[in-house]
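The domain 'tRNA-binding' annotation in Swiss-Prot covers 39-147 and is backed by sequence analysis. The domain 'B5' annotation in Swiss-Prot covers 400-476. Sequence annotations record features per position, and here Swiss-Prot assigns Mg(2+) binding site to Asp454, Asp460, Glu463, Glu464 based on sequence analysis. Taken from Swiss-Prot, the feature domain 'FDX-ACB' applies to 698-791, supported by sequence analysis.
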Amino acid sequence: MKFSEQWLRGWVSPQVSRDELVARLSMAGLEVDSVTLAAGVFSGVVVGEVLSTEQHPDADKLRVCQVSNGSETFQVVCGAPNVRPGLKIPFAMIGAELPGDFKIKKAKLRGVESNGMLCSAAELQAGEGNDGLMELAADAPVGQDIRVYLSLDDASIEVDLTPNRGDCLSVAGLAREVGALYAAEVTRPQVAAVSAVHDEVRPVEVLAPAACPRYLGRVIRNVDLSRPTPLWMVERLRRSDVRSIDAAVDITNYVMLELGQPLHAFDLAEINGGIRVRMAEEGEKLVLLDGQEVSLRADTLVIADHQRALAIAGVMGGEHSGVTAGTRDIFLESAFFDTISVAGKARSYGLHTDASHRYERGVDWQLAREAMERATGLLLEITGGEAGPVIEVVSEQHLPSIAPVTLRASRVEQMLGLVIENAEIERLLKGLGLAVTAEADGQWRVEVPSHRFDISLEVDLIEELARLYGYNRLPVRYPQARLAPQAKAEASGDLPELRRLLVARGYQEAITYSFIDPKWFELFSPGAKPLLLANPISNDMAAMRASLWPGLVKALQHNLNRQQDRVRMFESGLRFVGQLDGLKQEPMLAGVVCGSRLPEGWAQGRDAVDFFDVKADVEAVLGFAGALGEFTFTPGQHPALHPGQTARIERDGREVGFLGAIHPELSKTLGLDRPVFVFELVLAEVSTGRLPKFHELSRFPEVRRDLALLADRDVSASAVLDVIRENAGEWLTDLRLFDVYQGKGIDPHRKSLAVGLTWQHPSRTLNDDEVNATTLAILTSLEERLNATLRK
């Protein structure tokens, strides 16, 4: 909402500066976006009158004018196409300073002396018209300072209103707010009823009373739309960012800005029969005032005559029924359209108008009569004409009704944290036009006026009190609570620490959307039922993710498309899994790896990352909380992963994650031309560990045995290591697999595993007999349980 400060001060004028007024409005929730001066900075410009003009002797497009400033006559050379005798214009005399630090001096133009300058609106930065002189009213006082005459010491204030404050989309609404804020008197213009001088009416039928509970119409004959709109009205419209069109349209716009009631004027000659307010017929055509032809839907309310639609109700009129310079008789409409019926209709047709903006937010349903009389009076004053009687159709049962609200002083104190005197509460609320009746000490019955659609609960009234009292005046009270450090389990790892661990291993953290494309959901979780959003941001963000992989792989694609050949990313976030008893939101930690094992450098090659490189990163994460031994990697199957390079990660038999390469078919579908490895872990399992225990360091030598074992190809290395641990005794300090071989010299159905075992006794030196006996027990158990033998 943009308005003139002087226009507002004509209604209510607290004794405060512009800056203070703007700050107070913003603090009251009516946020001021901008303040723009009504004109540029200039001086020495007065109202001048062109007495005569003659052709310049040496220039076809220049005229030599005699201009009066009320006391003297000056010769001025002017090239404006609209200069003519009798015209009153802004006259910049010698010594005047125009915007841009442009000083007016005596000059010669093509040999003819010029003593001043006749100005356009653009040259004064008082409008956009640059195609001719700014034409002033015929009764403009010659010689008066133009800033005084046009009230240019003004500013346009633009307020960014929230959707619930449709009552402030007018000067009347803003004046009501300012009056309540400053306890200042609001002077509302007296609108007198216009007496009918003829009895012509057009019958009105409201066939959709729920959508249009109130409709008023009036015939005004013999208007003269060739008469110009008064300059004072044009200026107020300009400062409200509304362009002047013709007197009828300007007046309806002016009343809408002044009172908040949209109006529309139809050319009476284009109305066949009477007015019908009805729902459109499916596919019905209408050419709008902007020249756009629309195909109407059956849920759209229209204003029609007995033959065709004339306008989309509350949005825009039709071209064929709009007023023109040749219009002699008009039908003036003032109506209340239901908010729900109008909401969204303009956008659905690609439109947004001042009228639809107001109706969508709510218009005072008791305002239509006053607006009709106000517009009629202005029309008769400016364009002449004869007014007929007002015809009104009302469906009382469909008009809005707001129940009274009970307000308690105790609740006000509880929510705002301060005591406001009862008399002050009543004053503040009455200033907004609310009817307040005391029911008991500290309790009131509040009748909500028709212009406030956003007040229905006690908390709404308390919000109004806070706004008017001043948010900046509310006392600051800190929470009264005993603060204590939050306990943290020692045997756990924090997510920030896990993040730092992965960053130290060369990963970068990514943050992706929790919403993904349903097609991607199907790619990574085929057969699973996605959780679809009722109102998604877009079609490709319509499903909740059941895994963090889709977002990470999409981020990987983004990087690969930008020549980033080595990518290592991780993300922590929620996955969403539907269950019979509701929605499960589970924190996860996931990663994606692609490209070379090490960054490019002179000291290392460009070997590609493989499964075991990523497994090492996962083991570092699993071991962070000190419980790596509780996790096992077993061959697994996942629809999104390579069937031969997939590990299922378990802890005490529970699945806690997966690790593997993206399935070749999925890689092909996604356009990935190189191996991509991913992992995903349940964050709660990763974060829970075991408190480490101190063991005294042994001073005695270690004993190591390396075993080369032959095992069937389908026997996992972890199974071999588990059997070794079970039989190696309590003094085993280290066990590691350091080689796997398949090929020449080995049965094609077998593989060779090389493991290293290290023992160390805490209090003595182990002898060979003890170690050999333990080694023999290990080999015997391996052969019996896994058919694994010592390689010879």
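The backbone N, Cα and C atoms fix where each Cβ goes, and this holds for glycine too.
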CB contacts under 8 angstroms to Asp454 (Mg(2+) binding site), restricted to the same chain and 6+ apart in sequence, sorted by sequence, are Asn164, Arg165, Asp167, Gly362, Asp460
Which one of these binding-site residues has the most other Cβ atoms within 10 Å of its own Cβ: Glu463, Glu464?
-> Glu464
For the domain 'FDX-ACB' (698-791), the DSSP helix/strand/coil residue counts are 30 helix, 32 strand, 32 coil
Starting from the Cβ centroid of Asp454, Asp460, Glu463, Glu464, which together make up the recorded Mg(2+) site, report each further residue of the same chain whose Cβ lies within 8 Å of that point, ordered by sequence.
-> Arg452, Ile455, Val459, Leu461, Ile462, Arg467
Where DSSP helix means H, G or I and strand means E or B, what are the helix, strand and coil counts for the domain 'tRNA-binding' (39-147)?
-> 5 helix, 47 strand, 57 coil
Per-residue pLDDT averaged over the domain 'tRNA-binding' (39-147) comes to what?
-> 92
DSSP says what for the domain 'B5' (400-476): how many helix, strand, coil residues?
-> 33 helix, 15 strand, 29 coil
